[in-house]
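Engineer: Feature list, courtesy of TrEMBL:
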ACT_SITE  Asp71  active site, proton acceptor
SITE      Arg11  site 'Important for substrate specificity'
SITE      Thr72  site 'Important for substrate specificity'
SITE      Gln156  site 'Important for substrate specificity'
Amino acid sequence: MRLILASTSPRRADLLRESGISFRVERPEVEEWVAEDFPEVSPGELARVNARRKAKAVAERHPDKPVLAADTLVVCESRVLGKPADEKMAEQMLSWLSGRTHEVITATVLILPGGKKTREAVVRTRVRFRNLAAEDVRSYVREVEVLDKAGAYALQDGGDRIVEQVEGSRSNVIGLPMETVLPWCEDLVGKESTF
């Protein structure tokens, strides 16, 4: 029984692949909730709701398979940063994060076969940005694909140019906290002859 990753994020797929987990990818086809529409919902809960909705959408199509979904948000000084709409917004996000410490929040949901049991976790990692000059920001946005990333940056793709310090799970910042996900997958392997 292979895991289904309810995400089209290449970074999440890379993390699973590098860990030796057998899986296939399926797009969840759900509209994500955004902080502006739900100001009363905490960032952790917003990420959890989005991850649940993604996992459920795919699990309904494949009730006999384990389904893993995640949602990542960047939060700095109570401001939630999702994915930038364009390069100008990406530059604004990176400029605002410059010299600041922010939190990367990833909610992860695993729905087990049959859909009756789920596992959920919200992992938080603190990230401090270097002080960035305007040209550093423009250069990063030009050279790195930033539009599909919460907070407009990728730790694994030129992140050392902009990130000064990471406190906590580095894989969480990339989009999937493997310290949480791997034990879940190992537990599934123990329950199934093939995974």
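Residue 1 is the first one shown; counting continues down the chain.
For all residues, glycine too, the Cβ spot is worked out from N, Cα and C.
Keep in mind that TrEMBL annotations are predicted by a computer and have not been checked by a curator.
Context for these features, please: burial, neighbours, distances.
Structural biologist: Under the DSSP three-state reduction, Asp71 (active site, proton acceptor) is assigned to strand.
The DSSP secondary structure for Arg11 (site 'Important for substrate specificity') is helix.
On its own chain, Thr72 (site 'Important for substrate specificity') has Ala47, Val104, Ile105, Thr106, Ala150, Asn172, Gly175 as residues at least 6 apart in sequence with a Cβ closer than 8 Å to its own Cβ.
Look at Gln156 (site 'Important for substrate specificity'): DSSP puts it in coil.
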Engineer: Taking the Cα atoms as reference points, how far is Gln156 (site 'Important for substrate specificity') from Arg11 (site 'Important for substrate specificity') in Å?
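Structural biologist: Here the two Cα atoms are 9 Å apart.
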